[in-house]
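Accompanying notes for the structure given below.
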């Protein structure tokens, strides 16, 4: 493990297109990094660590980079708090954002939230999964914070369901509330301590194309309002009422740079780069892969359709976006037919 001297590295490649770890260097864009096999060999010889080129990692990195630029998700000197569960999505996101420390001069902070899921704590500090998370943060030279909350998200959602008329709240809802409460509070504290506008501190989530298309289809199947994830969302201050107490949600900005990326490409990129991720969903009894939820069925339906229509997930998201755009311009549904 070594600390990379950027001045020396620049002799061989453009570090704006490399993900730099202490134990390896990943190539985000071979052409833009100006890398040849000879230069890769020289880097390995001088720094004593492997240079890994993965076509999938390059593809994902390029696509995420274009998505960030198109939607202006990240600005120079932003502070980006990555919600790091250690799973495939958030871990790959952390690696992809590493280059923006050099490109845009951003500051990266990785934060893991230790939530209580009916007595199960997948992100407790002494677990093997969290040790793996800490290892990756150390290799990327990114500060890591663990935020703990003892409230049981299963009990919280039972309270909401009991006091709601005809609505059922899953533990996933209260889990997301706890995470946003803690991450939003941290973002506010950082903005105040740094004396910068809250817009300069952003929360980064690893939601991908599968997540977005599954969500859209599940909402349709449940007869709910059409909801989907956006590249950048501004949230106003809000409170979730749990009867005997309220959980405040601070004003914040959430970014989702991984929205155009398929889950299978995320897994393939990590595998090709030799990056082990925490299978945190195996620890949670309410994850998509367990049970018989509508969301799981929607995932399976789209997975099956992908065999015949490879871009079906992009089409689902595109249709939702076009529908919202249409009705925002035509509130009474006029059509020019």
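Positions of Cβ are set from backbone N, Cα and C atoms, glycine also.
Residue 83 (ATP binding site) has a Cβ environment of 23 other Cβ atoms inside 10 Å. Annotation source Swiss-Prot lists ATP binding site at 83, 179, 206, citing similarity to another entry.
The annotation [4Fe-4S] cluster binding site is assigned in Swiss-Prot to 172, 175, 284 on the grounds of similarity to another entry. Neighbours of residue 172 ([4Fe-4S] cluster binding site), defined as other CB atoms within 10 A of its CB across all chains, total 17.
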Conformational class of residue 175 ([4Fe-4S] cluster binding site) under the three-state DSSP mapping: helix
Rounded inter-Cα distance in Å - residue 284 ([4Fe-4S] cluster binding site), residue 179 (ATP binding site): 15
Environment of 172, 175, 284, the listed [4Fe-4S] cluster site - residues of the same chain whose CB lies within 8 A of the CB centroid: 115, 117, 153, 170, 171, 176, 286, 287
Cα-Cα distance linking residue 172 ([4Fe-4S] cluster binding site) and residue 179 (ATP binding site), given in Å to the nearest integer: 10
Output field, ATP shell: CB within 8 Å of site CB centroid, site 83, 179, 206 dropped: 82, 84, 85, 90, 113, 183, 203, 204, 205
Cβ neighbour count within 10 Å of residue 206 (ATP binding site): 24
Pairwise Cα distance maximum in Å, ATP-binding residues per record: 83, 179, 206: 14
